[in-house]
Amino acid sequence: MKSFFILLSILQECYGKDIVARIGGRNVAEKIGGARHRRQVLIRGSDEERRHKWFNNTVHYYFYEENFDFTVKESILRAMELISNHTCIKFSTEPSEKSIRMESDSTTIACYAEIGQVRENQLFSFNSDCYSAGVAVHELIHSLGFIHAHQRSDRDQYLEFKKNLDELNQTYQEQYKIWEYQEILVPYDVGSVMQYPNEEDEEYYPVRKYRTMANTMGSAIVAFYDYLMINKYYECSCANNLSCKNHGYPNPSNCSQCNCPYGFGGADCSQRAEPGATFQATETWQNVTISLDAGYRYLENNQKLPQVDFIYQFLWIMAPANKTTQIRVEKFVEGKCLPGCIRGGVEIKTNEDPRLTSPRLCCEETS
């Protein structure tokens, strides 16, 4: 029997910082996170909505040079790469009658996109206040036809709100209303890139029902189930019979490999993901210190900017059957307590379903 935890560091502000963890074991058999889940949500309840898919699974786009901040271009391109590497969706700059116009709206700090393929020359606004690839994926998934996770019909099983939604202004009601037409495709994952953060100081944000997931909400990491719901909706599949381990499935972008839950790797998800290390749990505590250095990206004018995506370190902790592994995060060097742990942190995989996001920690307050 093996357990593992994933060390995450976003390539934005955590440069070469240390995280110190202690690993141990005790003689107790314990089953964690055995709850059953309903399937995920998507707007697709009528013939009208079905026409909002992109033809031939290809999204055409162009950058509107008169009003686009090219410092965020890398974020969008990386987001497209992430989606196309895990699904059958392709992004093309070939001219098309129906395409997305990429702009940067300087009048707002918000980024936004229209839901699904809705018209010619439709809008996708992305500016420097958004910047990261994770936020760009969020908006691109809207463009593919998906609503927020917290607008699912089953969201009240996982979230609660401080105020009745009808007390909010119209803008926020639109962001939190449950859409009439939905199809549940994958389990609810509060770590979805489509889930808004848990902001306890903001009256209109959702609050998690389970305290351990507080810093998981608002993630900038694309969840396993985010890719799977795209593949299901766009009917992406592989003709071969590749056998995938550990709940993986054949990757429609490369049918010789599997899409694996975070922490698993190799062509068939039978190995530990790389880079990483494997430890053997013992009856006494072991100290482990991990350092990740994200580095920077440089523009042509030598302007130095944070990176747009995460780097990862995957640790497997091996233990005999009928043993429970104990993990204690001792400290973060300059860790930041931010919703979604968007500047880096640790995810300790505790869910029985390894495809679901587990609790994330990013500072002493959460560890």
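Placed from the backbone N, Cα and C atoms, the Cβ positions cover glycine too.
Annotated features, as they stand in Swiss-Prot:
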SIGNAL    1-16  signal peptide
DOMAIN    41-237  domain 'Peptidase M12A'
CARBOHYD  N56  N-linked glycosylation site
CARBOHYD  N85  N-linked glycosylation site
DISULFID  C88-C236  disulfide bond
DISULFID  C111-C130  disulfide bond
BINDING   H138, H142, H148  Zn(2+) binding site
ACT_SITE  E139  active site
CARBOHYD  N169  N-linked glycosylation site
DOMAIN    232-270  domain 'EGF-like'
DISULFID  C238-C258  disulfide bond
CARBOHYD  N241  N-linked glycosylation site
CARBOHYD  N254  N-linked glycosylation site
DISULFID  C260-C269  disulfide bond
CARBOHYD  N287  N-linked glycosylation site
CARBOHYD  N322  N-linked glycosylation site
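Nearest in space to C236 (disulfide bond), taking C-alpha to C-alpha distance over the recorded positions E139, H142, H148, is H142.
The recorded positions recorded for this entry are C130, C260, C269, N287, and the Cα of C260 lies nearest to that of C88 (disulfide bond).
Annotation note: H138 (Zn(2+) binding site) sits in a helical segment as assigned by DSSP.
Taking CA atoms as the reference points, N85 (N-linked glycosylation site) and E139 (active site) are 17 Å apart.
Shown in sequence order, A113, E139, I141, F146, I147, V193, M194 are the same-chain residues outside H138, H142, H148 whose Cβ sits within 8 Å of the Cβ centre of the Zn(2+) site. Secondary structure from DSSP puts C88 (disulfide bond) in coil. For the domain 'EGF-like' (232-270), residue counts in helix, strand and coil come to 2 helix, 11 strand, 26 coil, using DSSP. Comparing C-alpha positions, N56 (N-linked glycosylation site) sits nearest to H142 among the recorded positions H138, E139, H142, H148. In this structure the alpha carbons, written CA, of H138 (Zn(2+) binding site) and C269 (disulfide bond) are 26 Å apart.
Sequence-distant contacts of the residue listed as 'active site', defined as residues of its own chain at least six apart whose C-beta falls under 8 angstroms from its C-beta, comprise C111, Y112, A113, F124, F126, C130. A mean pLDDT of 96 is what the model gives for the domain 'EGF-like' (232-270). Between N322 (N-linked glycosylation site) and N287 (N-linked glycosylation site), the C-alpha separation comes to 23 Å. All protein chains considered, the CB of C130 (disulfide bond) has 23 other CB atoms within 10 Å.
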